[in-house]
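Below is one structure, written out as structure tokens; comments come after it.
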Amino acid sequence: MPERSTLLKAIFCTGIPLLILAMPTSWIPLPELTLVQHRIIAIFVMAALLWILEPVPVFATSLLIITLEVVMISDQGWQGFTHTQGNVPLGELLPYQSIFASFSSPIIILFMGGFALAIAASKYELDTNLARVLLKPFGNHIHAVMLGLMLITAVFSMFMSNTATTVMMLAILSPIIATAPQGDLGSKGLVLSIPIAANTGGIATPIGTPPNAIALQYLPEGSVTFLEWMMIGLPFVIIQLAIAWVLLKLLYPAKTARLPLALTGQFLRSPKAYIVYVTFATTILLWLTTQLHGMNAYVVAIIPLAVFTLTGVINKQDLKLINWDVLWLVAGGIAMGMALDASGLAVKIANNIDFASMGTWLVIVSLSLICYMMANFMSNTATANLIMPIAAAVAMTIPAFAGSDTGLTSLLMIVAFSSSLGMILPVSTPPNALAYSTGFIETKDLLKTGLLIGGTGLGLIYLGLWLWF
Amino acid sequence: MNKYLILCIDDEREVLESVLTDLTMFEQQFDIEGCESVAEAQTFLTQQLEAGQALALILCDHMMPDIQGVDFLIELNQQACFQPTKKILLTGQAGLEATIEAVNLGGLDCYIAKPWQAGQLQQHVKHHLTQYIIEQEADMMPYAPVLETQTIADAWQQRRLEIAAQS
């Protein structure tokens, strides 16, 4: 009975944090712990359990975090929580405004800008037409087509939702696959190439996938620009795609070398369609040229939103297509990270675990491996929400990282990259789930390719780090 | 048990068998059942409905002893749970008036004259099943290989933002 197991999970996920909350503060092995910090530990444990076991949707957990924070640790919270009882110091209550501000954090605006581009592009068929036009030069040899599919999917998922891109590309591909002989390995390879490219492509830009933006949230303002992120992310994506292409060719040899691709499409020519084309191109250009005009990625992101709503490209109905659940999920993570940081808890935990003696390498590798493993089984965004604040605090205590932002930046980027590499199961990422739902591939296909691509990705990250430092 | 059911009704055993044979290409994704009378079909449908199976398509003969096919389809269409069902009349004898009435009352999606060609029957059934799946099934891609693949892929692509917003 699914309902019963959900209930058991929910009881477990709230029971453990309640126990933590109920025990005396002095039992927790951290020095001079305040009541506020004690409560934050309980909230964090609850968030982690709920995000991992998912008895409730991940965005609901986010909202619960924000609610509990304003009630339990804010200066406008419940009276019973805002006054000290006993001899444990209360600690500093957080301003309630800054907790609520997580809903309107620059990261949220960045994502709304990204969603606006995706909605406008698909409403005016820009994405499908562009995909068809770009796919044509790759001809009709199966391996060339696969390369084309992968490159286009990856580029699109750098600027649009990985999920919408996957649907679009699978829809282009599946009529061809359906006519291929049943059980042809080559067809499987083609279908697999799309979720792999979508998962991978997201790594290349700050807006490609939520974990990247969450990493930016924990970096000092302006330490990594859109372009700087791409200069590291893009080569990584290109190498990974090349590896994936070769692997898929070897693992899924095709019986038929030629594919009958029917690529017809007509770019729309209405004034509104032109507004979409121009705005889309301009936004990406502005994102890449922060140095020239001074506007950072967040400020640029609100421009397409304004243009599209003013011109009617995006109307009231279309607004509903924004992935509000993703925005809330990210907002909850921001609120969690903010509480850990502002209360001084993050630094206190990091200082009390002797990371320095563990060696810089061990710290980096274990954080990235934990992140990779979690991301395989749960939402990548929720993973980043949990690991990123810890990684940011740990980075501050590593002696090798002292004195510059480079250490912090590399660690957080590694964590973000690692969370995007988790793709071994249908449930790992929405693109995997969608590809799996077509019925053309099986779990073992995702498992095999996911492990290989994840492995080469992690190897590549560590190699890069080793060459760099 | 598949999620969706295809039901064929004909009082002549051999005709029923031949229809069922022509439809075997759909059996991977749909349960295909045959009934020799409307009464039998009604009992069967009630039972399947309780088991949670939806009727995707019904192929019904017209001239039957207890009730005319057209009237049964109209009756079905008045029940909310069978409204989305695609309804096909398979007959050589339905009068023009009865047919017009059925179309006007929304009880008929397609009319196939007897004797039929297997290919033609399959094409009509495929088309209406495709429409049904696009209208009723959010997770439509698994049906694409046996139905009109391009149409389903296009419909799926059209809905990509909703799908992205939901997954």
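Think of each number as a place in line: the chain as shown, counted from 1.
Cβ from N, Cα, C; glycine included.
Heads up, TrEMBL stuff is auto-annotated, nobody curated it.
As recorded in TrEMBL:
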type: TRANSMEM; residues: A:6-28; note: transmembrane segment
type: TRANSMEM; residues: A:40-66; note: transmembrane segment
type: DOMAIN; residues: A:49-398; note: domain 'Citrate transporter-like'
type: TRANSMEM; residues: A:99-121; note: transmembrane segment
type: TRANSMEM; residues: A:142-160; note: transmembrane segment
type: TRANSMEM; residues: A:229-252; note: transmembrane segment
type: TRANSMEM; residues: A:273-289; note: transmembrane segment
type: TRANSMEM; residues: A:295-314; note: transmembrane segment
type: TRANSMEM; residues: A:326-349; note: transmembrane segment
type: TRANSMEM; residues: A:355-375; note: transmembrane segment
type: TRANSMEM; residues: A:382-402; note: transmembrane segment
type: TRANSMEM; residues: A:408-428; note: transmembrane segment
type: TRANSMEM; residues: A:449-468; note: transmembrane segment
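Outside the transmembrane segment (A:408-428), and at least 6 residues removed from its termini, the chain residues within Cβ reach (under 8 Å) are 195-196, 199-200, 202-203, 209, 211-212, 214-215, 218-220, 223-224, 229, 232-233, 236, 364, 367-369, 371-377, 380, 383-384, 387-388, 391-392, 394-396, 398, 401, 436-437, 443, 446-447, 450-451, 453-454, 457-458, 461, 465, 468-469.
Of the two recorded stretches, the transmembrane segment (A:355-375) does not lie close to the transmembrane segment (A:326-349), with fewer than three CB pairs under 8 Å once pairs fewer than 6 apart in sequence are set aside. Ranked by number of Cβ pairs under 8 Å to the transmembrane segment (A:40-66), the listed stretches A:99-121, A:229-252, A:273-289, A:326-349 are led by A:326-349. Sequence-distant residue pairs (6 or more apart) of the transmembrane segment (A:273-289) and the transmembrane segment (A:449-468) include fewer than 3 whose Cβ atoms are under 8 Å, leaving the two stretches without contact. Sequence-remote contacts of a segment are chain residues at least 6 beyond its ends whose Cβ falls under 8 Å from one of its Cβ atoms, and for the transmembrane segment (A:449-468) they are 192, 196, 200, 236, 239-240, 243-244, 247-248, 251, 364-365, 368-369, 372, 376, 410, 414, 417-418, 421-425, 428, 432. When averaged over the domain 'Citrate transporter-like' (A:49-398), pLDDT in the model lands at 90.
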